[in-house]
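*Asks:* Got a structure for you, written out below as structure tokens; questions coming shortly.
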Amino acid sequence: MLAIALSALAMTLIVGVRYLLTSGAFALVTSRVRPGLYDGLAPQMRREVMWSLTSAAIYGVPAGLVAWGWQNRGWTLIYTDVHAHPLWYLPVSVFAYLFAHDTWFYWNHRWLHRPGPFRRAHAVHHASRPPTAWAAMSFHPWEALTGAVVIPSLVFAIPIHVGALAVVLTVMTVMGVTNHMGWDAFPRWLVHGRSGAWLITASHHQRHHAEYRCNYGLYFRFWDRLCGTDKGLGSFGDTHISVGLPDRRDRSRID
Ligand SMILES: [Zn+2]
Ligand SMILES: [Zn+2]
């Protein structure tokens, strides 16, 4: 029992520090490439950090339990011998995890926008107007719980090499931050090109934060396009206007 608690604590620390380093790094880059973009948002950013660190504690519990079981009880389908499956399976497993996560996120996110769950939980995430790099894990604890169980469940269903799992967690962390930071770090050809038609970037998720009832996906636009909820890319001016800071509109545009 103590070992499980220590494993959960270790995972909480890892998730929390990973969040602080990643969001901190992108917030720093933002202050260089979009100076003044977060001006006047200090109280909001403090709340984003507070909710995100609470989420880190919630994410740490199922992750710690599963990590303990993996190490001590042989649980999970995580493998360490890279030849245990054909090499082509490595990228396939990464894609399978991202697609499964995206599917869960999309439908759960649509449910979170129903009046009751929105009021009780998801409103916390939408209090970020406009979101910043610190909003990556800014969720009410109920919502954090629905996100925390995804990867720890998938490792029982889909075999994955430990290195491929690290890639999945890195993509999850980086995209959580970049999709909220108020400008697109990806090159224009990717955001506006053919791959951008299927991949979610900051321009796409910004529109969700501005208009609420569209663009629910996490990594891919597949479900949004299939279900008619994809409204295309947003502009970074919208949410600034809504908080009364129209003067930043031009500076924060995609360029
Ligand atoms: Zn968001
Ligand atoms: Zn939402």
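Note that Cβ sites are derived from N, Cα and C of the backbone, with glycine treated the same way.
These numbers come from a predicted model, not from an experiment.
Copying in the features that TrEMBL gives for the protein in this structure:
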| type | residues | note |
| --- | --- | --- |
| DOMAIN | 95-229 | domain 'Fatty acid hydroxylase' |
| TRANSMEM | 51-70 | transmembrane segment |
| TRANSMEM | 82-100 | transmembrane segment |
| TRANSMEM | 144-171 | transmembrane segment |
*Asks:* Go ahead and report the DSSP secondary structure tallies for the domain 'Fatty acid hydroxylase' (95-229): helix first, then strand, then coil.
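*Replies:* Across the domain 'Fatty acid hydroxylase' (95-229), DSSP assigns the residues as follows: 88 helix, 4 strand, 43 coil.
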*Asks:* Average the per-residue pLDDT over the domain 'Fatty acid hydroxylase' (95-229) and send me the rounded value.
*Replies:* 96
